[in-house]
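A.B. asks: I am attaching a structure below and will ask some questions about it afterwards.
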Amino acid sequence: MNKRSPQCHMLPYNQTWLSSSVAVVKSSEVEMLLRFFSYLSRLSCYRHIMLFGCSLALPECIAAVVLPCASFCEAAREGCEPVLQMVNVSWPDFLRCSQFSNVTAAPPAPPACYTPQQIKGKPCE
């Protein structure tokens, strides 16, 4: 599927996967999730918060779906959770960082997860 969200212009890939079997959120919830991360972005709680949110809502599709690493999730949570707590909002349960991998692969193997510093893979065919 081609990504078509203007909020996610920073994603360095054009193909995404919206299967309920692998996605963190359902395809019907993508816009709501992107609005949540846009709000966090306006609060400037974490430099890569939109990249994190977009990669969850519109994960890259190469040989398999590539989601953010647990360390990427932890950095986002550590930056934004205190800001959310100021308005009596908790970090969402569906963003439990323990559900993400921290395994990265050396090229040419596709990554199992990624961080903001990694270059993304090739689009799905």
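Here the Cβ of each residue, glycine as well, is placed from N, Cα and C on the backbone.
Just so you know, TrEMBL annotations never went through curation; they're auto-generated.
Small disclaimer: the values here were computed from a predicted structure and weren't measured.
Under the heading domain 'FZ', TrEMBL lists 1-116. Look at TrEMBL and you will find Cys8-Cys54, Cys73-Cys97 tagged as disulfide bond.
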A.B. asks: Measure from the CA atom of Cys97 (disulfide bond) to the CA atom of Cys8 (disulfide bond) and give the result in Å, rounded to a whole number.
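C.D. replies: Their Cα atoms are separated by 21 Å.
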A.B. asks: Mind giving me a neighbour count for Cys97 (disulfide bond)? Other Cβ atoms within 10 Å of its Cβ, every protein chain shown.
C.D. replies: 18
A.B. asks: Among the disulfide-bonded residues listed here, Cys8, Cys54, Cys73, whose Cβ has the fewest other Cβ atoms inside 10 Å?
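C.D. replies: Each of the disulfide-bonded residues Cys8, Cys54, Cys73 was scored by Cβ atoms within 10 Å; lowest is Cys8.
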A.B. asks: How does the model score the domain 'FZ' (1-116) in terms of mean pLDDT?
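C.D. replies: For the domain 'FZ' (1-116), the model's average pLDDT rounds to 82.
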A.B. asks: Taking the Cα atoms as reference points, how far is Cys73 (disulfide bond) from Cys54 (disulfide bond) in Å?
C.D. replies: 12
